[in-house]
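The following features are taken from TrEMBL:
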DOMAIN    41-476  domain 'Major facilitator superfamily (MFS) profile'
REGION    1-36  region 'Disordered'
TRANSMEM  42-59  transmembrane segment
TRANSMEM  79-97  transmembrane segment
TRANSMEM  109-127  transmembrane segment
TRANSMEM  171-194  transmembrane segment
TRANSMEM  200-219  transmembrane segment
TRANSMEM  231-250  transmembrane segment
TRANSMEM  256-278  transmembrane segment
TRANSMEM  299-322  transmembrane segment
TRANSMEM  334-351  transmembrane segment
TRANSMEM  389-414  transmembrane segment
TRANSMEM  426-447  transmembrane segment
TRANSMEM  453-471  transmembrane segment
Amino acid sequence: MGRGTTSTGTSTRGATTTATPGITSTTSAATPAPPGAAGRRTAFALLGSIQITLIYTLAAPTVPLPRIARDFTLQRSDLILLSAAYGLAFAGLLLLGGRLADRYGGLRALTAGLALFAAASLAAPLAPGGQALLAARFAQGAGAALVAPAAMAVLRALFPSPAAHARAMATWGALSVLGATAGNLLSGAISALLSWRWALAVPPVVALTALFLAPRLLPGTAPSRGRSLDLPGAVLATAGISLVGYGLVVTDAHPWTSAAVLGPLSAGAALLAAFLLVERRSRDPLLPPRFLLDRRRAAALTAVALTACGTASAFVLLSLHFQQARDWSPLRTSAAFVPFAAALIACGAAVRPLTDRHGARAVTAWGLATGSAGLGLLSLTGLDPGTPYAIGLLPGLVLLAAGGAASFGGAAVLATEGAPARDAGLAGGVLNTAMEFGPTVLFALLLTLGDDAASLAATAAAFAAVALIHLGHRRHARA
């Protein structure tokens, strides 16, 4: 159980009663036992493929954005909103998705989310225009908001022991960065060889396959029948997060003092303030205040959001730079990120043993520091068209990949450790909210600086600052 949380369980013939401060819920005792070692590996491979696909979908339009703009006659502001639409819906609905997974069971929520995600993903490559593609991206995000926390609830059922779950989460974090990399590499290559529409056709194939395999390979999780949906909190959180994110996104096209920016920002901030008040008074809050009051978890979630922002900003800004400033093709642009992918895979494989040996906090701090160095180099030399790739870009990309894999892996462990099994969906929802908050809200905020190099430099400075926070927490824990 998490620190500050107590529980007692008394068995009856068909149920287990679990008590937490101010909350009593009854859950079914018929939770299937985790599968054997071979079954766990197969199930983890399926869940990992789903997670990679969710993040692939976030990044997939990045490289082909110029071609989408030409086909649909879109402006830069339209492209920014198109890139952010998936993440806005994803982040806005994740807390509700986590509660649905906890209340109805991870597997049931997962299959429902996969069905919605697959349907929306089929619509995206068939979109006849920019507005239809934008709507499909929003719907994809809504489906992903159900899938992501449900997948983590099932993951908790697969690896119930804290040590095994921590090792799984270290790998899970690295898979998320791999998904973003795959989204850029594969979508660019497919767009160059075929069309951007074929690049967007990858997610529905994976989603439909997973929808078929999930009931056959994944264990069920016991629903918490006594838990409320906290609909007032869900509506306030979803609307507040979405409005704040949208307000920041449109700053690329409108000044900060305009009604188009101030309106959604003010309304979103008011709704989030109301959400916090509702949660404090709720008997079964969607986001219990205790969950975020843990300083270690808050620092970990900050690291997740910042790492996601750093990798996304580098990919988007460099993809546009390669194709617009250097006049590279989408295929050559994708090839430029191959060293990033290679470094990511190599470092991602080392995250779990490094976490076992040195601890998640040390790995997170090292990752942030390394990522800061990579972003700093890219801000200094990467955006100069006259600088050779091997000198101005390659070192920064490799360092960012190594740092991103370590930061994501370590922070994913820190963000979910100590969460009780009944809150597995909540933990997954909060973690993924942070993961989507970075490429949408934080990235939109960076764009307001008006200079790509300054955006990368600011992100590098933020990486370094959060690395120092994690080092400080580690020293405090040792004292």
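Just so it is clear, glycine is given a Cβ too, placed from its N, Cα and C backbone atoms.
A TrEMBL annotation is a machine prediction, not a hand-curated record.
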For the transmembrane segment (231-250), sequence-distant contacts whose Cβ falls under 8 Å of one of its Cβ atoms, 6 or more beyond its ends: 77, 80-81, 84, 87-89, 91-93, 95-96, 99, 260-265, 267-272, 274-275, 278-279, 282, 285-287, 433, 437, 440-441, 444-445, 448
Contact call for the transmembrane segment (299-322) and the transmembrane segment (453-471): at least 3 Cβ pairs under 8 Å, seq gap 6+: yes
Tertiary contacts of the transmembrane segment (256-278) (same chain, 6+ residues out, Cβ under 8 Å): 230, 232-233, 236-237, 239-248, 250, 285, 448
Candidates 79-97, 171-194, 200-219, 334-351; stretch with most C-beta pairs under 8 Å toward the transmembrane segment (42-59): 171-194
Outside the transmembrane segment (389-414), six or more residues from its ends: residues with CB under 8 Å to it: 166, 169-174, 176-177, 181, 296-297, 299-301, 303-304, 307-308, 310-311, 314, 318, 336-337, 339-344, 347-348, 351-352, 354-355, 360-378, 381-382, 431, 463
Distal contacts, the transmembrane segment (79-97) - CB-CB under 8 A, six or more residues away: 54, 57-58, 61-62, 65, 68-69, 109, 113, 130, 133-134, 137-142, 144-150, 229, 233-234, 237-239, 241-242, 245-246, 249-250, 252-253, 286-287, 316, 425-426, 429-430, 432-433, 436-437, 439-441, 443-444, 447
Positions whose Cβ lies under 8 angstroms from the transmembrane segment (453-471), at least six residues beyond its ends: 299, 302-303, 306-307, 309-310, 313-314, 317, 361, 364-366, 368-369, 371-376, 378-380, 382-383, 403, 446-447
Tertiary contacts of the transmembrane segment (200-219) (same chain, 6+ residues out, Cβ under 8 Å): 31-35, 39, 42-43, 46-47, 49-50, 53, 56-57, 60-61, 107, 110-111, 114-115, 117-118, 121-122, 124-125, 140, 154, 157-158, 186-187, 190
Confidence summary (mean pLDDT) of the domain 'Major facilitator superfamily (MFS) profile' (41-476): 83
